[in-house]
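Asker: Handing you this structure, nothing more for now.
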Amino acid sequence: MMLLIEQALNGLQYGMMLFLMAAGLTLVFGVMGLINLAHGALYMVGAFACAAVAGATGSFWLGLAASLAAAAAAGAVVELLVIRRLYARDHLDQVLATFALILVFSEGTRWLFGSFPLYLTLPPLLSGAVTLPGGLQYPLFRLALIGLGAAIAFGLYLLITRTRLGTRIRAGEADREMVAALGVDIARLYTAVFALGAALAGLAGALVGTIQSVQVGMGEPVLILAFVVIVIGGIGSVKGALVGALLVGMTDTLGKAFLPGVLARLIDPSAANTIGSAIASVLIYVLMAGVLIVRPQGLYGERGMA
Amino acid sequence: MTREAALNAALFVALIGTALVAQALGEGFIITLATKAAIFALAGVGLNLVLGYGGLVSFGHAAFFGLGGYATGILASHAMSGVPVATLPFTLNGSTEMLAIWPLAIAASGLAALAIGALSLRTSGVYFIMVTLAFAQMIYYLAISWPAYGGEDGLSFYVRNTFPGLNTFDPIQFFAICAGLLAAALGLVAVLTRSRFGLALRAARQNESRVVAVGIRPYSIRLLAFMLSGMIVGLAGSLYADLNRFVSPAMLSWHMSGEIMVFVILGGVGRLFGPVAGALAYIALEHLLGGVSDYWQALLGLLLLAIVIYAPGGLIGLIAGRRHV
């Protein structure tokens, strides 16, 4: 039971980090109609900025601020130089150009920082474990990530529904020509949305890098998971991204923790371990396939988008 | 002969010529590079069928490349150990005969393409890109977590498989096999795209509702194209496994999908010889830039960016001019 709660919290924390990635991707797709493979590179930029600044100044918090700033800046620069030429192109050009950006970012980072992983130390304020009701010891930092993820989800909800920028974002999703005709500077709006998505990805990179390690190529597996999240949740929907991220985080974590054990009650334990972990590693893709069969446009996607 | 046809002929002559000149000079390494280019071109020809002619941006073709490779590696390793691959529903023994391996590699990748295609083609546009990518990733993780065939370490099989009448260990003879299959695939795609099926496939890319209006179901046409494409790429994977005598999950990784896509786009999307030009250029760049800097992929990335932004027709488009479709 304890183990179940602990794994559920792990799944929740994983899901929150996936949400930070997926929210940016889905906003960029919803507003600009752009598929951005380089989103994982921005995640990596955030992690490296945090590691470099935290290493130089000794302050994790400065590092975290640097991750937001560096990823947003990298996002804005890339949008101005490359991405904005791609809005009118088809998806094929977008895929290839952003794939090329990944190569540039990865090799550039390897050139600057080398191939060895960097490690971040937790700030004293958030290190250690807390005892939850029921006696479960759980790392405080992971708990903070869950809280932060929930806060950002709520903040994004307020931003999109209550602010002027949010109104423009929603208007841009609905009809970009009309928004431009009404006098909104579409080019600036696009840069802002792209930088916002990049900052969220960079923050996720710094936070996950603190739990795991900071290395070149760290963004790519997360990027593909974020795609799975978006396909499940529905492209362009931030709510869908949240629900999809939590579903994927939970399914993956709980599947890996419990599937081999459950199978071992049914079949030979050593075979159960092999088969169980193999199935657990593909469980989220099975989930995605299931959603595609029932609702090809995703849980919160609009008909006609798919 | 149009300019593009002349260029196509020149490309194929360049591929064969490189290998022959290298053979005369005793440069075995260059022959291996040419072989690699021929195999990559074959994979590109397969992808081009859906990407170029069908307008379906599949980012998951590494799945079929890797499955073709794994089929080859698994059959070869079972032939060596003498244990049958499967005993139910019928006994399937390992093999080191290319002529026996190819059909199985093609069948395995074709079946996977049928299943993945059937699900992915329910979606379109950007969903299709993400879904194909995700399914390929699923097979990648299966290969990593399945320990029987090497898991993360991959699977070596030491001895290159055999082809009747040829010594496959001789680089130039193995090159001849690969170049022959590339030529056959180019011929097949040329015939296919001119057939009723090819016309319907291209029409579905240009205007889906008109295709529906004349009574053709785009879904079936696309699924067939997706399966054929997967089979060609699977064959390329089988040859690639034989070239290295090694298969690993890297063949299934999404970087591989991206690279196959790069061969097609670098050369020219939807042009018969586009993948040949792209694969040749890619291998040449890898070889030349790799000598300049360890970070050659960054240079490759910048070059790709320039091509996408300034020359959307790829290399063939640059030389032969824009095409009138």
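Using N, Cα and C of the backbone, Cβ positions are placed for all residues, glycine too.
Where the annotation comes from TrEMBL, it is an automatic prediction and has not been curated.
Quick caveat, the model's predicted, so the values are computed rather than measured.
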Asker: In TrEMBL, one of B:63-80, B:81-98 is tagged transmembrane segment. Which stretch would that be?
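Answerer: Matching range for transmembrane segment: B:63-80.
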Asker: Considering only Cβ pairs within less than 8 angstroms, which of the stretches B:36-56, B:100-119, B:126-149, B:172-192, B:295-320 has the most against the transmembrane segment (B:63-80)?
Answerer: B:100-119
Asker: Is the transmembrane segment (B:100-119) packed against any residues at least 6 beyond its ends, judged by a Cβ distance under 8 Å, and which are they?
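Answerer: Those are 60, 63-65, 67-72, 75-76, 131-132, 135-136, 139, 161, 222-223, 226-231, 233-235, 237-238, in sequence order.
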Asker: If you count Cβ pairs under 8 Å, which stretch among B:126-149, B:219-240, B:295-320 touches the transmembrane segment (B:36-56) the most?
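Answerer: So the stretch in question is B:219-240.
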Asker: Between the transmembrane segment (B:260-283) and the transmembrane segment (B:172-192), are there three or more C-beta pairs closer than 8 Å, counting only pairs 6 or more apart along the chain?
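Answerer: Contact confirmed: at least 3 Cβ pairs fall under 8 Å.
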